[in-house]
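Colleague: I'd like to ask some things about the structure below.
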Number of protein chains: 2
Amino acid sequence: MEKQAALERLHALDRDIKHLRQVTAILQWDQETYMPPAAVEGRSEQLALLEGIIHEKSTSPEIGNLLEQLGSTTIKPQGDTDLPDVERDFLRVVRKNYDRAVLLPAELVTESARAEGISQAAWVEARKHNDYKTFMPHLEKMIGYAKKKAECWGYTEHPYDGLLNIYEPGMTEGSIAGVFGPLRTRLSQLVQRISAKNPPRSEFLAREFPKDLQAQFGESVMKDLAYDLSQGRLDISAHPFTTTLGPRDVRITTRYFPTNVLSGLFSIIHETGHALYEMGFADNIRDSSLGDGASMGIHESQSRLWENVIGRSFAFWKGQYPLLKKLFSDQLTDISVEDFYTAVNRVQPSLIRVDADEVTYSLHVILRFELERKLFSGNLSVMDLPEAWNDMMQEILGVKPDSDANGVLQDVHWSMGAFGYFPSYAMGNLYGLQLWEALQADIPDVEACIEQKNYGPILHWLRAQVHIHGCRYEPKDLIVKITGKPLSAEPFINYLEHKYEQLYNL
Amino acid sequence: MEKQAALERLHALDRDIKHLRQVTAILQWDQETYMPPAAVEGRSEQLALLEGIIHEKSTSPEIGNLLEQLGSTTIKPQGDTDLPDVERDFLRVVRKNYDRAVLLPAELVTESARAEGISQAAWVEARKHNDYKTFMPHLEKMIGYAKKKAECWGYTEHPYDGLLNIYEPGMTEGSIAGVFGPLRTRLSQLVQRISAKNPPRSEFLAREFPKDLQAQFGESVMKDLAYDLSQGRLDISAHPFTTTLGPRDVRITTRYFPTNVLSGLFSIIHETGHALYEMGFADNIRDSSLGDGASMGIHESQSRLWENVIGRSFAFWKGQYPLLKKLFSDQLTDISVEDFYTAVNRVQPSLIRVDADEVTYSLHVILRFELERKLFSGNLSVMDLPEAWNDMMQEILGVKPDSDANGVLQDVHWSMGAFGYFPSYAMGNLYGLQLWEALQADIPDVEACIEQKNYGPILHWLRAQVHIHGCRYEPKDLIVKITGKPLSAEPFINYLEHKYEQLYNL
């Protein structure tokens, strides 16, 4: 077969797999939003069937043959040097996905998928009854499967590296430890300095805010951020998420709580950040494996940048507060924009990651990273995990869980076997601020833009620098390409220190 | 392979195909209800991919081998006589579907599917611009494909039989003509007698009825009819429909018009009728090819029975009118339940099938049946079709289309190549009334039940007699099994004559 024909055939096979993944996403979106309750069992059958078809297509020997024909090997995944750059990036990603799929024995895939469902159900029960012991054997099992997978995929230094590679291609336990180390130290210091001060008032955030008015405000902000409703929509689900259902179909969800005016809104901003990324891939890669986020961390950088750096800034609220105050004139009558901004950024060491503020959030993640690397190097047993969790919580945040339900059992990830996923959340903060420094240099009046609700220049910059590339570059290369420097915690910690020194008069 | 093992494997393959069809239904449901507009192109790609996978699985030689092993042949589809009845019915249906799939050359499937999309788009334009000429070549093409398919599938008497068999298994052009003949004569006579009378007032049905209150009433009726919201939901779409997305997931849609209080409601009742059928299959057949309507006509019998025989009865409105009048006290202040019931049943020969009343509706269908059989026997050309349409309209309904848009171009079916589909709509009326006569014999106080909004006994009877069987029996056998008689137009025409003689004082 001619090289061009081989490339076209490989693109066709890749597109089919991508489209089947989108079909899976449609089924999952429906399940979380509109599906009637009795349909859940049938939906699982449909999803399992699709997973089987996707696995079969992903491991088809034809893909292996085409890759070889185009010069792509595991060692030299980009293939023949005479191919255009974008095709070589394409081959690298297809090779990576293919190798990852074929290296896993089919029984391991089926067996661990089956165990995952059972483990997740056990976790739900264990958390409900604050009963870590009943969850232990499942956690052992999921760690066992993850170790086996890491062995199949291979690694050079640490078994944990094989798992990290799924979420942060090219990153290792060592490189992450290198940035998390200084981050931990300086964040802990900042938290201590803040904790010594009197907290600002924020009780008014918990007044009664009708859901329909919250939705009105949230949708207005979403439109201001240029979320494109011709190729997306906002719905309600128990847990907010973003999902891509087609090349022009990226949907987000949120949820509203009447006595928490911020939760629904910040979920919208966060998910809009993810969605703008997915909507921004270049047209020539959108419908291929290159039309994907560069990594979980880069994806989080987009959502957190919009949610925190922009959405929790004084400039943002100077622009948006008038509408909020108009909608909630009773609830906010005595609250100035300065009061509101200060309350939005209240720092308080607490037990639950998803409720954490901007300063303490990354410490929750570092805790999980430290425990994961110990679990995978064999320096920590599943039996000793809760105690290690509680001790480290005390050590880095100064609070101690009153129960395992509010401690080691709080997150769903481990029950699903998603080890190596947590670091991405904090990496997102680091990537985000490093990008933000570069953006500020290119758009010196960015603060004035935000204040005027003119977010266009920011999106334009992110589109051109980040979104358009999809996953053509590994995160460690992408960050150098854009900012000229390798990943560092400095910009993030500098941003936090600067912001919170002002807010708390440190 | 052991017989039992072969049967189990066949069931597994059959379930996979069924589940993939459900996945297709999910994608289509989403497309009609919530999908953002820019997603339409990507969705077509996903659907085409799934169709390809379904076709591949439906024609897998493994199915053919298993059928043979179980003694099922095209001539003797039910297979070995020592198998349980339900398994023999299963083999019959699987054999029929398999033969139908493998008899079509793959190119014909692809080619006609591609032409279908183009033809439908051409029809939309042609209807918009009242331009039959531009649609003609597409119609020629679609008839050509349908003829080719009929040849592939085979028939004994009339090429049209091969197509009818898709929608009404076991029925032929001859057997349908046998029941439609007397129906046409007596319906035309009834229409003439009614047309000689003064029509009742009905202008109040077009007052302004707010959509949200219409929805409140419609949902209340839907719940009264025992539509199960734990395994279904009601949404809004441009054209009302029912779709089955999983073994416990049957959804309906409707639409509301502010100045037509009946349209949204009767769509709900009609679609609820379809949904109750799909929800009522026995558990042991629900997740197999037997878990399907016995035919399009039997399916329509369920929707029309609830919509017309029950929903347009005086007893129904005696029960439901108080709530309607409460919700719309302004609009209906001067309208008695007798006035309302009379208006609901106003008869008026008109041009458009979907807007037709209970008496004239079947004549619209008979017109299409007459034209279809002539098109397929070669006695009518596509060129002469509009004139034939208009002449026959004048002949049987006494009205003449003012344009092709309101005449030959009004329905989507022919543009999709769905020839042989139309008769099912009228067959539904016939099956429905024949069932209703049997039901009345078993439940003598059925009218009192309806008046008390106690629809349970009716559903219970339909479940036990019709729903539970799925498509285990061909329609012509099912109707004999339940009523002791072959299909006849008598019960339907008797019902109409009796009802409208009273209403119009004939």
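Backbone N, Cα and C define each Cβ position, glycine as well.
Relevant sequence annotations retrieved from TrEMBL are reproduced here:
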BINDING   B:H270, B:H274, B:E300  Zn(2+) binding site
ACT_SITE  B:E271  active site, proton donor/acceptor
Colleague: For the recorded Zn(2+) site formed by B:H270, B:H274, B:E300, name the remaining residues of the chain with Cβ within 8 Å of the site's Cβ center, in chain order.
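Modeller: Leaving out the recorded residues gives B:T242, B:E271, B:G273, B:H299, B:Q302, B:S303, B:R304, B:W306, B:E307, B:G428.
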Colleague: For B:H274 (Zn(2+) binding site), which DSSP three-state class applies?
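Modeller: In three-state terms, B:H274 (Zn(2+) binding site) counts as helix.
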Colleague: What residues, ordered by sequence, lie under 8 A Cβ-to-Cβ from B:E271 (active site, proton donor/acceptor) and sit at least six positions away in the same chain?
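Modeller: Once residues fewer than 6 apart are set aside, B:E271 (active site, proton donor/acceptor) is near B:P240, B:F241, B:T242, B:I252, B:T253, B:T254, B:S303.
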Colleague: B:H274 (Zn(2+) binding site) has how many other Cβ neighbours within 10 Å of its own Cβ?
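Modeller: Total other Cβ atoms inside 10 Å, all chains included: 24.
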Colleague: Restricting to the chain of B:E300 (Zn(2+) binding site) and a gap of 6 or more, list residues whose Cβ falls under 8 Å of its Cβ, or answer none.
Modeller: B:S424, B:Y425, B:M427, B:G428, B:N429, B:Y431, B:G432
Colleague: If one looks at the chain holding B:H270 (Zn(2+) binding site), which residues at least 6 apart in sequence have a CB under 8 angstroms from its CB?
Modeller: B:P240, B:S303, B:R304, B:W306, B:E307
